[in-house]
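Colleague: Questions regarding the structure given below will be posed in turn.
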Amino acid sequence: MNTSKASKKRKAVTRDVEEEAGVFSGDELNTGNLDGALSDNAHDLSSDEDESDSEVELIDDFSDEEDEEEEDVLDSDEIPSDGEDSAKKKSNAAPGELGAVIDDDDDDDDDESPSEEEQLNYRIEKDANGNDRFVYDEINPDDNSDYSDVDENANTIGNIPLSFYDQYPHIGYDINGKKIMRPAKGEALDALLDSIEIPKGWTGLTDPSTGKPLELSQEELELLRKVQMNEIPEDGYNPYEPIVEWFTSQQEIMPLSAAPEPKRRFVPSKHEAKRVMKIVKAIREGRILPFKPPTEEDEEDDTIVKYDLWADEAERKDHPMHIPAPKLPPPGYEESYHPPPEYLPSRKERKTWEEADPEDRDREFLPNDFGSLRRVPGYENFVKEKFERCLDLYLAPRVRRSKLNIDPESLLPKLPSPEELKPFPTACATVFRGHKGRVRTLAVDPSGLWLASGGDDGTVRVWELLTGRQLWSVKLSEEDPVNVVRWRPGKDALILAAAAGDDIFLAVPPIVDPAMEKASLDILDAGWGYAASVPPPTPAEANKKNNPPKWMRPSSSLADSGVCAVIPLRYVAKSLSWHRRGDYFVTVCPGSSTPASVAIAIHTLSKHLTQYPFRRRIKGGGPPQAAHFHPSKPILFVANQRSIRAYDLSRQLLVKILQPGARWISSFDIHPTSSTASGGDNLIVGSYDRRLLWHDLELSQRPYKTLRYHRKAIRAVKFHPGGRYPLFADASDDGSLQIFHGSVTGDMLSNATIVPLKVLKGHKITGELGVLDVDWHPREPWCVSAGADGTCRLWM
């Protein structure tokens, strides 16, 4: 093996190292001997060459594979290539000997290796100490290299802020370790010229690594243009390539596999069930806690910072012109998934709605009925409605309407104080006890001295009003209660009418002086002569079912008690009212079995005559409940369950129909000064649905006032007679009486004034019944009440 070939195999850089024992391995080369031989003794070349031959032979003992691995591992920056070694030999050898070496190398290179210019990638320069310094060329990588293109002006300081070099004239180092000087900055004029003549790729920014203006390349500008124009940055990419239907182009009729579905796909997994049951058992036994409460150490740990998001929350004030959006109306019954049947449209309504234009429809949808909430489908107009709502909120102008700051109490009429409206009854003065059972009715005589009462025991009792002493009593029936007692108006006689069972009894109580008693008996006996003069009815008239009853004389026992006449009505009468002259009175039999033609009867006292003014049932409102004569006109007011009708008896015409709006009328009364001082007719109505209604016939057929102060049904209402005191009262099943002030004037422009005055309580509720009747003293502001507890009370 020749020397040139060995030198070609291994060439080392000449370095000054300490002389040590030569250790040859696959990773290190001892070039100290070779370097010393070339530099110290130029005349011992032959001996040195022999030594080098031995060294080279030792090196050649290694395999070629190890040489290749060593060449790959050695760094090119630390160990020079073959060209570098030969160049070093040229510089260190003698001129004559160096030429021989070069000649040998050239001969070998011409035969075995490329030219020296292609292999050498460095140049030798002298450093500051005069030593040789190898300067390598920049790496020019090819397509197969791992290196990228190296910029000539690249700053290789790494990820270091340039602020570290603010105090130095340079800004970094290049790959050779040379300083990269800070670029010169132009003056104001240069900056102006640069701004006028903007070069292509100018950005106005400064490159942080070089300090020079940052310019974009043509490729970067083209990329920015495509991004700005929403174009595809990559060239040659077609986003609209034709779709290849790989799986749907051919229709497969037969299944790919006809194997039946395995049972495990639709049967619950037993293994999963076992795992779940293990977890459930562990949870039940407490070995697994679904929620582990925090320990006291965690709660009291001060190192854990807990932030309160709403600690510093402050409400933001609304804009001065802020107007809140109007709220949507709440949904109605028609929007329910299971609405009532009356809200569901019929076929005709549905067809009409479908044929109408959307603008002409009264609603945006039709109510539908679903059996359950899970059957309700999605609402198809949901998005449309929300969009229209957004349009309304966005486009519709809003107007702030200023509310009137009016005190609600100022809108109410100024009512006088109850203290200014005295006298009126405030306390119970006398209690009348003696009846067994309920006291259903009572009445005060026109003189104001006597009180008559009737109850469930079938007796009529007369009391002295002020003392409460019983003066007279008569038992009219053994089984039926006394429903009504009324005194004949007028002071010329003392006649008491009472309705018990199917009969009407007329009596003269023996409690007055003989002259008054004789005058009363004469009035009752005068009718017997007129009745005897009337010719008897024909056989055809006698065979009629609903003939008027004939007045009869009472039995001897009743006659001895003071009863003078009996009228057999054949039906139970619940209402009895006298005409103001005292010659007529009207009775009402409201029973459901009572024929309509005999329900209302008018009786003439002077003729002992009974007439039926109505041949047919009053239309609407059910059977009649009560009837009263007008205090100054020949008008009869008849009330059924829901309406009150006024009939002119002289002309036999229907004058007016009143609609109180009550479900069941219990009683009513007419103002005593109607059409005289007040200029119009006024009446009050009580109903079983707890309402007290005031009617002004000149205003409307509807109630002028509706008062709801009772908790239970109202049984009776009554005006103070004579009109001396503008008072009226009502009696209710809640055990109380309520006293009202109700004044009317002759001025047609002013309405009635109604003021609640007093609530009188004293009767006990017995069998869900309280106060059953009420009446006034004819001259004093006193009232008397009858209760279901078997007592009567005088309120003063």
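Just so you know, glycine gets a Cβ as well, placed from its N, Cα and C.
Feature list, courtesy of Swiss-Prot:
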REGION    1-134  region 'Disordered'
COMPBIAS  1-12  compositional bias 'Basic residues'
COMPBIAS  47-84  compositional bias 'Acidic residues'
COMPBIAS  102-119  compositional bias 'Acidic residues'
COMPBIAS  123-134  compositional bias 'Basic and acidic residues'
REGION    320-366  region 'Disordered'
COMPBIAS  326-343  compositional bias 'Pro residues'
COMPBIAS  345-366  compositional bias 'Basic and acidic residues'
REPEAT    434-473  repeat 'WD 1'
REPEAT    477-517  repeat 'WD 2'
REPEAT    619-657  repeat 'WD 3'
REPEAT    660-705  repeat 'WD 4'
REPEAT    709-750  repeat 'WD 5'
REPEAT    766-796  repeat 'WD 6'
Colleague: Within the same chain, where does the compositional bias 'Basic and acidic residues' (345-366) have neighbours whose Cβ lies under 8 angstroms from its own Cβ atoms, ignoring anything closer than 6 residues to its ends? I mean 6 or more beyond.
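Modeller: Residues 334-335, 379, 381, 385 contact the compositional bias 'Basic and acidic residues' (345-366) from elsewhere in the chain.
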Colleague: Based on DSSP, tally up the residues of the compositional bias 'Pro residues' (326-343) by helix, strand and coil.
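Modeller: DSSP composition of the compositional bias 'Pro residues' (326-343): 6 helix, 0 strand, 12 coil.
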Colleague: On average, what pLDDT score does this prediction assign to the repeat 'WD 2' (477-517)?
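Modeller: Here the mean pLDDT over the repeat 'WD 2' (477-517) amounts to 92.
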Colleague: So how many of the residues in the repeat 'WD 3' (619-657) end up helix, strand or coil by DSSP?
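Modeller: When I sort the residues of the repeat 'WD 3' (619-657) into the three classes, I find 0 helix, 19 strand, 20 coil.
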